[in-house]
Amino acid sequence: MVSSSGSKVLFICFVITTMTSFVALATDNNPLQDFCVADANSPVLVNGLVCKDPKVVTENDFFTSGLNVAGDTSSSKVGSAVTTVNVARIPGLNTLGISLVRIDFAPWGINAPHTHPRATEILTVIKGTLRVGFVTSNPENRHITKVLNEGDVFVFPQGLVHYQQNIGYGNAVAIAGLNSQNPGVITIANAVFGANPDISADILAKAFQLNKNTVQELQARF
């Protein structure tokens, strides 16, 4: 049997033990200064880019031009050209979590199935008519697709395979925003059949239910 004074001691020990088991963590994902213009010449490696000295920042660090110029679709095997405006083009985008692309399509051209590992994409059609879509994750693999006309807007969730196709007889143009300064892109066909070094043809033959010769022919194209 424990006395009342002993009970108090046990209670105090319990409180102290409980309190000392807590760990305080604090983070701030938002910028802690007005801007952090990327210093492309810094040898320091960080998750993102090192900030340039604010005293040497100019208006050109927040500016680019040329988005009115159509991309060259004639040299593309799939009939599209993507003009990217990310932190590599506008250093002032560093830490702001946003970027932009212009996508030009030849008649019946496609922006081949791909993913953005670090960003959600919101796209609006400026000219023409596009068929767009994305596929949900396993096991459903649901194909969500829609035809977009000028002024229509569509969202592609982060990390999901998606595509766009010009279904008109003229050129088409779209503008898309992404919530990352460097969203990344993984084009499925290029990644799978154009990996360097090659993914084993035996593996791809089983994965795609193809014969090995067909896989090797596909690899030769990428």
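In case you wondered, yes, glycine gets a Cβ from its N, Cα and C as well.
According to TrEMBL, the feature signal peptide maps to 1-26. Look at TrEMBL and you will find 65-216 tagged as domain 'Cupin type-1'. Among the features that TrEMBL reports, oxalate binding site is placed at N111, H116, E121. Here TrEMBL flags H114, H116, E121, H162 as Mn(2+) binding site.
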Densest Cβ neighbourhood among N111, H114, H116, E121, H162 (binding-site residues), 10 Å radius: N111
Alpha-carbon spacing, H114 (Mn(2+) binding site) to E121 (oxalate binding site), which is rounded to whole Å: 12
Arithmetic mean of per-residue pLDDT over the domain 'Cupin type-1' (65-216): 97
Rounded distance in angstrom between the Cα atoms of E121 (oxalate binding site) and H162 (Mn(2+) binding site): 10
Output field, oxalate shell: CB within 8 Å of site CB centroid, site N111, H116, E121 dropped: V101, H114, T115, A119, L123, F156, H162, A176, L178, P183, V185
Sorted by sequence, non-H114, H116, E121, H162 residues with Cβ within 8 Å of centre, Mn(2+): T115, A119, F134, F156, L160, V161, P183, V185
Rounded Cα separation (Å) that holds between H116 (oxalate binding site) and H162 (Mn(2+) binding site): 9
